[in-house]
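Visitor: The structure is given below, and queries will be raised subsequently.
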Amino acid sequence: MQETDNLLKTLNVKSLLEALLVYTPKGYKDLNLLERFETGLSGVLEVGILEKRNYAKVLKIFAYSKRFYKNLELVFFNYSAFHHSQFKTGESLFIYGKLEQSSFNQAYIINTPKIITKFGKISLIFKKVKNHKKIQENLQKLISLENLKKEGVKENIAHLLLEIFFPTPHFVKDFETNKNFPSQHLNALKYIEMLFYMKNLERKKLQFGAKIACPNNNERLKAFIASLPFKLTRDQQNAIKEIQNDLTSSIACKRLIIGDVGCGKTMVILASMVLTYPNKTLLMAPTSILAKQLYNEALKFLPPYFEVELLLGGSYKKRSNHLFETITHVVIGTQALLFDKRDLNEFALVITDEQHRFGTKQRYQLEKMASSKGNKPHSLQFSATPIPRTLALAKSAFVKTTMIREIPYPKEIETLVLHKRDFKIVMEKISEEIAKNHQVIVVYPLVNESEKIPYLSLSEGASFWQKRFKKVYTTSGQDKNKEEVIEEFRESGSILLATTLIEVGISLPRLSVMVILAPERLGLATLHQLRGRVSRNGLKGYCFLCTIQEENERLEKFADELDGFKIAELDLEYRKSGDLLQGGEQSGNSFEYIDLAKDENIIAEVKRDFLKAASVSRGTFEN
């Protein structure tokens, strides 16, 4: 055990699985003597040096193979005196290289051969590593069938991994021929990568006692739902039921609720507050606009006996004298909540809205502030960014996850991909909608001019709109007053020129047109969020994707689909799997081998094996 720990420390990794992924060989150097004199083979030859010739910047050393009685040329480009000194006429030595044949004179050649003093083994080649030899020694001490089994690796997978890290000449030849590992070995690496990911998730699944187990507020919940002027969807009801079970538990819950744009997650948030009553709820939103929006929704829909407070950065001091008093049932705020020094012991539930907009440390800090004597508050994290089914499959055993797919009011949004020459179509529709007292947002790819991007910037394009329309507002992420600008636009504006800062959560009831410039530069998830701002209150909506590209299959497919969960699947076809991971859950924040779009069977296999092993170790597995 001590030896294993020392080896892991030397390799700067925390587990054998991590070592397998960090130090997967990127190639091999077969230092065995060549068995055949055949082009395309790499290996060691014993050669005798016959003569040397200089050709401009090329040094040719004429030699012969002592074993195969064949002449060959050793070629160095941009050679130096060092190469002359290494290869002396009349001497014999061992060299490593790849045997090739010249297309000019059919001579056998080895380009840039290396002199070998020790041979008879296969060296592993690692990416971005200095001491290859030492790392290989430590790895091969660490990796064994026994150690792999201890990590939960199945025997058939373990044998494939052993072939990767203890390769035979035949295996190396296959690797060089295919320029990659054979498919079964690649699948073994995928298995290990997903197993490593799941083990990391399991480490985060620590159970703590709930600081406060909430009462069963079934009657109060029924009254709240009955008071709403609309009917909840089946998905909303299921989410509320799952949360109700969580809140009454003596174990602190941590649940991720993922909903599509416009799925009505705000009503689920408010129902959670009702279920927590008379205990307190703390809700953190990423921006003042969203916090105010949630605050107004709470005032509108929560029962009149609820006392709701709002804490923003600007109003922090003003409200600090009476905020968090016993009478308050719900506190809604921004990151200003993280800097409040008051005792949060009475808060039974902590909610984070648009959770992906916060770092892991920020979410943890809020939870920690509301913890007491080792017991934690219940925690709900809401996100309006759907994730692919395969990623949900991997997470579901370790993170309680609820999906809200149904949309209360199906949106009527027409999405068109247009070339800049067709911009007159956009202008006509904008004029029509403004005449109806509707609103328009134009999203620019960047704030200031850039030679690298063939589109106008926000600052360059503003004058175009200001000359043609009234009530044009401009803002960006760099604007200190952006939230005030957006609020003023919501009340009295016609056109808002902005960057993607308006991507998430903001409710603009009169917004009917979204124009996105350079949409090819944005991920489909971002495009879906932007489009989701349109048609919030039953208006017919229009989303124009304005590009300089003649064709873009990705954008055309996006235009034909409104379902955020299907778009998340579509996104996998065009993005690396790692782009969908957030919060540093997987080393390097990306999967190198697993393809979330294609490897559902492997993910399901790993999950099944992992849960079976875990239940056996607890003595709870049943056949």
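Using N, Cα and C of the backbone, Cβ positions are placed for all residues, glycine too.
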Visitor: According to Swiss-Prot, motif 'DEAH box' applies to one of these ranges: 233-236, 353-356, 449-452, 617-620. Which one is it?
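Guide: Within the set 233-236, 353-356, 449-452, 617-620, Swiss-Prot attaches motif 'DEAH box' to 353-356.
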Visitor: Any same-chain residues 6+ apart from Thr266 (ATP binding site) with CB under 8 Å of its CB? Would you list them in sequence order, or say none?
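Guide: Once residues fewer than 6 apart are set aside, Thr266 (ATP binding site) is near Leu294, Glu297.
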Visitor: Among Gly259, Gly264, all listed as binding-site residues, which has the most CB atoms within 10 Å of its CB?
Guide: Gly259
Visitor: Are there any residues at least 6 positions away along the chain from Cys263 (ATP binding site) with a Cβ closer than 8 Å to its Cβ? List them or say none.
Guide: Thr233, Asp235, Gln236, Ala384, Ile404, Arg405, Glu406, Ile407, Pro408
Visitor: For the recorded ATP site formed by Gly259, Asp260, Val261, Gly262, Cys263, Gly264, Lys265, Thr266, which further same-chain residues have Cβ atoms within 8 Å of the site's Cβ center?
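Guide: Near the ATP site, the remaining chain residues are Ala384, Ile404, Ile407.
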Visitor: Taking helix as H, G and I and strand as E and B in DSSP, count the residues of the region 'Wedge domain' (32-120) in helix, strand and coil.
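Guide: Helix, strand and coil residues of the region 'Wedge domain' (32-120) number 6 helix, 46 strand, 37 coil.
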Visitor: Excluding near sequence neighbours, so keeping only residues 6 or more apart in the same chain, what lies with its CB under 8 A of Asp260 (ATP binding site)?
Guide: Ala384, Pro386, Ile404, Arg405, Ile407, Asp563, Gly564, Phe565
Visitor: Which value does the mean pLDDT take for the motif 'DEAH box' (353-356) in this predicted structure?
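Guide: PLDDT averaged over the stretch: 76.
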Visitor: Give me the non-local Cβ neighbours of Gly262 (ATP binding site): same chain, 6+ apart in sequence, Cβ-Cβ under 8 Å, ordered along the sequence.
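Guide: Listed in sequence order: Ile407, Pro408, Tyr409, Lys411, Gly532, Arg536.
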